[in-house]
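Participant: Just passing along the structure, written as structure tokens.
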Amino acid sequence: MIQMNNVVKKYPNGVVAANGISIDIQKGEFVYVVGPSGAGKSTFIKLMYREEKPTSGEVVIAGMDLTKLKNRQVPLLRRQLGVVFQDFKLLPRLNVYENVAFALEVIEENPKDIRKRVMDVLDLVGLKHKVRMFPNELSGGEQQRVAIARSIVNMPKVVIADEPTGNLDPETSWEIMNIFEEINTRGTTIVMATHNREIVNTIRKRVIAIEGGLIVRDVYGGDYGYES
Amino acid sequence: MYEMYTEVTTAMKARTIRRHFRESIKSLGRNGWMTFASISAVTVTLLLVGVFTIIMMNLNKVADDIENDVEIKVLIDIISDPTEAQAAEEQLMEEIRGLPGVEEVVYSSKEEELNLLIAGYGEELSLFEQSNPLNNVLYVKATEPQQTASVAKAIEKFEHTQEVKYGEGKVEKLFSFLNTSRNVGLILIVGLLFTAIFLISNTIRITIIARRDEIEIMKLVGATNSFVRIPFVLEGMWLGVLGALIPIAVVSIVYVNIFNIVQPKLDGEFLQLLSATPLLYQVNGLLLIMGVFIGIWGSFMSVRKFLKV
């Protein structure tokens, strides 16, 4: 589902955020990406949804070679992916329903299908009763659940999450993790960058540790491995 | 194999076009004061452009009127024998009409000339009616006012011309003055246009910067560039239209009022203001087109920057 071969990413300011990363993530896997701040986690994540282009090497996501992908074709890639962020990135002027429906409107889905699909995913994240509320009326956990609903509403093959529990209290974080596990059991591949030691050590999954732009550890069912 | 992935279809569904229009109008309301700021910028600059254009077009008209008022006065030799005189006059008129650049030749007898003088300077001059010392005169107008001097020179060479007058020296100075002021006016208007474009597109850019998150999210969920861009561009168009309304109304009302006050005083003079139609249609059309163009262009350029997510 996700392959990287010898990927190097050098920023114009000289920072080398990826220094020869090779990885193979199969369909249906759940992968944590851990490592100290500034080690290259975010770049690793951004390379997957093509916010950043690699300086050299090869990135293949869901059968698309990102190094050969033209700018015009990037929307096609994004429609195969769901992306979740630490700061939720909801549109403040749209209510819960509109925020989720937005992801389908943008790809010009049929309005009849939109309603059903949106309500289905809001049911999955447990927010069916708050569809008319606006982001500022919701708690952090609820906002993140809306963001997750938006990321999966177009039935992506992969969900990429960049520290999705970073802004949430521990209890809420567990709720969010339950949702991700649920999505994963339905067959969606999940790649999650995280600093949450407790979660990684409790819900055991494949752990990829990145330091200095290199993969230093890749263990199935591994632990967090850093003092937090 | 990977190359088989083609571009996202650009043919847009009618439903999507309706959505873009709906979104662009909704967005005007949602962005309350930003919309207000943009419309104000458009309003102020277009008002300046409108007022200035009308002033310049009227000054231009005045300059044209002055130029067109320039004519050549040809004093015909006094010939005592009436038949001979008539033949000479007719021959001279034919010759002048045959010159290139001559638009009009009008004959005025010495009696008519005297009447003009009497009308201008008073009844005392009617003494001269007994023995009129004036010449019969031809008034010649050049097709292009600038040709006046060369036409006058050509006429001087003909027979039976006693004197050819056209305000030599003064006319050339007047023409060059009028040309300079026209050029200065043109430069000022072009300068004002650029200022308007700069000011308005800058304001629009600020409003779009405030909404970069929205653009980023659209791109992240797989929107094509044109899908992101079109509502913004339409919104820019509305800003231009709304911003042009007040200048159009103000310019029209004020000009009609000024015209109604000033025009009666100019009645019968060779200087005239431009009448409200078609002037106002032209200027208002210009303002509307400028508003729409700048709105669209400003939005287009500003969104472009944030599409690279």
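The backbone N, Cα and C atoms fix where each Cβ goes, and this holds for glycine too.
Taken from TrEMBL, the feature domain 'FtsX extracellular' applies to B:78-164. Here TrEMBL flags B:187-301 as domain 'ABC3 transporter permease C-terminal'. The feature transmembrane segment is assigned by TrEMBL to B:32-55, B:184-204, B:237-259, B:279-300.
Each of the listed features needs to be described in terms of its position in the shown structure.
Facilitator: Within its own chain, the transmembrane segment (B:184-204) has Cβ neighbours under 8 Å at 37-38, 41-42, 45-46, 48-49, 52-53, 56, 59-60, 236, 239-240, 243, 290, 294-295, 297-299, 301-302, counting only residues six or more beyond its boundaries.
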Participant: Grab the same-chain neighbours of the transmembrane segment (B:279-300) for me: Cβ-Cβ under 8 Å, and only residues 6 or more beyond its ends, written as numbers and ranges.
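Facilitator: Hits for the transmembrane segment (B:279-300): 38, 42, 46, 49-50, 53-54, 57, 193, 196-197, 200-205, 208, 229, 232-233, 235-241, 243-244, 247-248, 251-252, 255-256.
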Participant: Do you know the DSSP helix, strand and coil residue counts for the domain 'ABC3 transporter permease C-terminal' (B:187-301)?
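Facilitator: Secondary-structure breakdown of the domain 'ABC3 transporter permease C-terminal' (B:187-301): 100 helix, 0 strand, 15 coil.
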